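For reference, Swiss-Prot lists these features for the protein:
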BINDING   44  O2 binding site
BINDING   48, 54, 92  Fe cation binding site
BINDING   54, 96, 106  substrate binding site
BINDING   121, 124, 158, 161  divalent metal cation binding site
């Protein structure tokens, strides 16, 4: 039997408290693709690299999608009501502000696919650390990788300039 439609606005009213740091997401659907509600604010400095495309739709407020586009760091502002399809293999850091909510759709990963979280030096933009893993649970694995980075001072220290980096903006 098919499930009933979900009223997204009602779901947010009743379940907004489930959107907790550091990722602030809640998976509404899994199977073929994942549909997530993501709230703000978030506090992350990592850039996610997903081999498959990601679709962002901003339901409330605006967000800033920091990307590395052909080697250049730039910001893409996604305003309330806007949708944006991010191509696969694009390093991105979704910056969500307070009292904002978005919907993100991601394709299930092929068994050979690796997701990566990459941290760039806050001072010189060199790659400081990268964690790679086959993603099976968006709700837990990204958080685990962030916490592991945060707990490893050597991984957070830039080999080029010596700057100590953090998993949260300072």
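From the backbone N, Cα and C atoms, a Cβ is placed for every residue, glycine too.
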Who sits close to residue 161 (divalent metal cation binding site): which same-chain residues at least 6 apart have their Cβ under 8 Å from its Cβ?
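Counting only residues 6 or more apart in sequence, the Cβ neighbours of residue 161 (divalent metal cation binding site) under 8 Å are 121, 123, 124, 126.
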For residue 92 (Fe cation binding site), which of the binding-site residues 44, 106, 158 has the nearest Cα in space?
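Nearest listed residue in space: 44.
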For the recorded divalent metal cation site formed by 121, 124, 158, 161, name the remaining residues of the chain with Cβ within 8 Å of the site's Cβ center, in chain order.
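Apart from 121, 124, 158, 161, the close residues are 122, 123, 125, 126, 128, 159, 160, 162, 163, 165.
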Return the residue, from the listed binding-site residues 44, 48, 92, 96, with the maximum count of other C-beta atoms within 10 angstroms of its C-beta.
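In terms of Cβ crowding, the pick is 96.
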Closest of the binding-site residues to residue 106 (substrate binding site), Cα to Cα, picking from 44, 54, 158?
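Result: the closest of the binding-site residues to residue 106 (substrate binding site) is 54.
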Going by C-alpha positions, which of the binding-site residues (44, 48, 54, 158) is nearest residue 96 (substrate binding site)?
44
I need the CA-to-CA distance for residue 158 (divalent metal cation binding site) versus residue 44 (O2 binding site), whole Å please.
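For residue 158 (divalent metal cation binding site) versus residue 44 (O2 binding site), the Cα atoms are 17 Å apart.
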Among 54, 96, 106, the annotated substrate contacts, find the widest CA pair distance and round it to a whole Å.
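Across 54, 96, 106, the two farthest Cα atoms sit 18 Å apart.
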Quick one: among the binding-site residues 124, 158, which has the most Cβ atoms sitting within 10 Å of its own Cβ?
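Checking each of 124, 158, the winner is 158.
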Compute the mean position of the Cβ atoms of 48, 54, 92, which form the recorded Fe cation site, and then list in sequence order the other residues of that chain whose Cβ is within 8 Å of it.
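Going along the sequence, the neighbours appear as 47, 49, 50, 65, 86, 90, 91, 93, 94.
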Measure from the CA atom of the residue listed as 'O2 binding site' to the CA atom of residue 54 (Fe cation binding site) and give the result in Å, rounded to a whole number.
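Taking the Cα atoms only, residue 54 (Fe cation binding site) lies 18 Å from the residue listed as 'O2 binding site'.
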Taking 10 A as the limit, how many CB atoms besides its own sit near the CB of residue 121 (divalent metal cation binding site)?
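A 10 Å sphere around the Cβ of residue 121 (divalent metal cation binding site) contains 20 other Cβ atoms.
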